[in-house]
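Here the structure is laid out as structure tokens; the discussion comes afterwards.
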Amino acid sequence: MIRSSDRDIRWLPGFNWITLCFFLFLYLPLIILVVFSFNATRSATVWDGFSLQWYVKAFSNDDIQNAAKNSLIIAAVSTLFSTVFATMAAIALGRNREIKHKTAFGGLLLLPLMIPEIVTAVATLTFFTAINLSWGIGNIIIAHTVFCIPFAYLPIQARLRGVDASLETAARDLYSDRRTTLLLITLPLLAPGIFSGAMLAFIISLDDFIITMMVAEAGSTTLPIYIYGLVRTGVTPEVNAVSTVLLGISVIAVLVSQWFAKKQ
Amino acid sequence: MQDAITINGLTKSYPGTPPVRALKGSDLSIRDNEFFTLLGPSGCGKTTLLRLIAGFEVPTDGTLKLFGENISKLPPEKRPVNTVFQHYSLFPHMNVLENVAYGLLRQGKPDARRTAQEMLDLVHLGEFAKRRPSQLSGGQQQRVALARALAPHPRVLLLDEPLSALDLKLRQSMRAELKRLQRETGITFVFVTHDQEEALSMSDRIAVMSRGEIQQVARPAEIYEYPATRFVAEFIGDANFFEATPRMNGDSAATYHVSDSIRFAGPALPANAKGGKVTVMFRLEKARIAPGRADGSLGGTISDIEYLGSQTEYRVTLDDGMSVAVRSENHQDGTAIAEVGSQATVEVDPEAIRVLVA
Ligand SMILES: Nc1ncnc2c1ncn2[C@@H]1O[C@H](COP(=O)(O)OP(=O)(O)OP(=O)(O)O)[C@@H](O)[C@H]1O
Ligand SMILES: [Mg+2]
């Protein structure tokens, strides 16, 4: 007789240890970071009681405020643009019968996901310099918009695949022109995908380091870059606090997008 | 009276290598207020023709007129034609009433919601107005789809195998329901099916299609009794077919020689016959079977018997190896007319013989 546990992957020798190590190395540092951001003293190894002082310090720091503001503006604007472009691309590639070479276009759209980010960063910087573009955080917004598009595109395209094209045909049949059909049928049905895509783009933009580092000019520091600068002079609980806030925003974004996807 | 739909040389090729010729230059007139059925096997181009009428496809060639007006170039939203889709295609993000009111609202009709509610009542779904389509059974969704397509009161309603996803009982009750709706609304119905029973029982007229061509357009009884081609005869009902050489007996009768021992007396050769061999056919229930043999008659050994309830189907192997099937009404007491292996005679009246030249 074959016991079900015989075929269970957990039965493999060492599997439990590997799993344990994985979770340990992934989550323990995060837990330590979060816990010590609430520490009462400067120590990053000894717990001295609960306090919010590092958060207060961080939030009253002008530089951090500025970096946070930049980060949020960049993330919000590039999320908006990249989601709009990604939605348009998904609908065009998924629905328009006249477009040829759809697979090739779809592939090109997703290719940036496979290009090493440092290469994109260097290329973008070179390009911006060559065309003499210096719009401050505008530069970063353009760069982020472009590389966020494939991330936003993935969930939108997946969702569109699940939307029966005959619904749009039915709408056309019932006296809706293309635009009305898009507004009343396609976009509402696509909403969960668009929302997930936007959340993904937001998080990707919010914590991007390499590209931002390359294209950022003086005065357009973002949070990740500011944190990096602080860390070079030693990890302080202040850094922990800011990192925890970033982590919190990401987690909330993911949870909201999952909840939204499930609700539909 | 003006025809609801007139098509002339309508052709549709889908791109491909080689291109798929889904519709090959069809001519057809569908009358106003008619329950018209497109019948044919899978892939014969029924949906293609329907989609051309609705405006979802652009014809490769030919013209399409709706009440005399050429609509070939109009987009679907400008055609006073609505469709009931095979898988209903109800809008999942709207409730039942919103679905039904959708077309009316787009047309800017006043009282859209009230009219929609009336349509729902007409299909006996009045109390389901607030539900989502996913909360309805297949049969109920089907009726919502009907109400949605009927609500804007189109001049022609197109139905693409609307009953195929329903179970047998529901399918049968929906047939009557569809007929009733057609009569009550006075809208021309163009109904697509590959189910001959559905076509025969519901239609005023039927167009039988095969491989992108319309084979015959006629009333159900005419299609059944006088099929125009062998394809129609084979697709609808069951029949025996023989290749035969005709010998005229005067102007109004002929004898059809199948072999030395098998010949059928029948009607005169049709005028469009080209000479040489023709196909003769008769329906299974038009022949009679009798036990025993008589000289000079058509007969052989019963090789198979299939009991069908009200009828029994006998397969008789004739002396020269050909076989013929006969369906006959059963005795009231349930006793068999003949046994497998016994000798039997098959009788066919000359009036039952049909001669097919195509
Ligand atoms: N979009 C398309 N592209 C290419 N070929 C198509 C397309 N739609 C249909 N065809 C082909 O055209 C022919 C007719 O198709 P159609 O859908 O009209 O058949 P049908 O009679 O409705 O069949 P069914 O009973 O299976 O629904 C088929 O050979 C089909 O493969
Ligand atoms: Mg079809």
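FYI, residue positions are counted from 1 along the chain as it appears here.
Backbone N, Cα and C atoms are what each Cβ position is placed from, and that goes for glycine too.
Listed in TrEMBL:
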| type | residues | note |
| --- | --- | --- |
| TRANSMEM | A:12-38 | transmembrane segment |
| DOMAIN | A:68-257 | domain 'ABC transmembrane type-1' |
| TRANSMEM | A:72-93 | transmembrane segment |
| TRANSMEM | A:105-131 | transmembrane segment |
| TRANSMEM | A:137-156 | transmembrane segment |
| TRANSMEM | A:182-204 | transmembrane segment |
| TRANSMEM | A:210-229 | transmembrane segment |
| TRANSMEM | A:241-261 | transmembrane segment |
Pairs of Cβ atoms less than 8 Å apart decide it: which stretch in A:72-93, A:105-131, A:182-204 has the most with the transmembrane segment (A:241-261)? A:182-204
May I ask for the residues of the chain that lie six or more residues beyond the transmembrane segment (A:72-93) and have a Cβ under 8 Å from a Cβ within it? 99, 102, 105-106, 109, 137, 140-141, 144-146, 148-153, 156-157, 160, 182, 186-187, 190, 193-194, 197-198, 201-202, 205-206, 212, 222
When you scan the chain for residues with a C-beta under 8 Å from the transmembrane segment (A:105-131), skipping those not six or more beyond its ends, what do you find? 89, 93, 99, 139, 143, 146-147, 149-151, 153-154, 157, 210-211, 213-215
